[in-house]
Amino acid sequence: QINLSVIRQYVDYLVTEQNVKNVFVNGTTGEGLSLSTQERKQLAEEWVCQGKDKLDHVIIHVGALSLPESQELARHAAAIGASGIAVIAPFFFKPTNKGELIAFLQRVASEAPAVPFYYYHIPPLTGVKIRVEELLDGIKEWIPTFQGVKFSDTDLLDLAQCINKNEREQFAFLYGVDEQLLSALAIGANGAVGSTYNYLGRKTNLMLQALAKPDLALAQKYQFLTGEFLNFVIKLGFGVAQTKAVMTFVSGIPMGPPRLPLVDASEEFIVKAKAKLDSIVWPDGD
């Protein structure tokens, strides 16, 4: 069951401990696609409510396999004052070309005509490999509210072409592969959405500050250490359930078990992951 009562504590933790002021709700880490429509609405409402005057942006993922369901979630997000909505490509009956994908996205975006719209590109999970560079050509004509992309793929050539071709549009390119964020920032990504920022948000912000200076060697150090931790846990088997376990022991907030078919992280994983994270010496001395 979803636990709405911890969200207030979660918001405060992100803001004060991790210096994270923006959230992406009902995405992959939040198991949005394993939740009922009603549960997704309840979560969206609670995040918007608890984030008021504390968070800068609450983007709600409203993608679903069913177009009417996605449209209903988009209308709801608009009604509760979300700062943006995002939509994943449908992944059972898949769009096979740009026209089909845009038609679906447009029908969802039009239900929230005043809300910034993001496409959530995650081909490793959807199997929809339509290149974003191709998708963006003339997209504003179809979706006037189009604001950018949550780009969760390792294809940095596609990302670079998007950024190069769409400079004038000022689209937001939010990168979603945490262990490669520095590479994406170097070619012009202007934000990130990822699970590790729940518990390594402060470290990632320090990486961003180092890059802005610019102190590339320091920025690399942060990226390498994040990568060292992720490389370690990926070998143990790292997914949404394990992310919840890490977030629980780092924050002290009970993130709860995942929903089937995902199963709880093992005690062995928790012990090893905690020991690894504790062993890392960060440049800021923590």
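Cβ atoms here come from the backbone N, Cα and C positions, even for glycine.
Some features that TrEMBL has for this protein:
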ACT_SITE  Tyr120  active site, proton donor/acceptor
ACT_SITE  Lys150  active site, schiff-base intermediate with substrate
BINDING   Thr29, Val193  pyruvate binding site
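Each of the recorded positions Thr29, Tyr120, Lys150, Val193 was scored by other CB atoms within 10 A of its CB, and the lowest score goes to Thr29. For the recorded positions Thr29, Tyr120, Val193, a Cα-Cα cutoff of 10 angstroms around the residue listed as 'active site, schiff-base intermediate with substrate' retains Tyr120, Val193.
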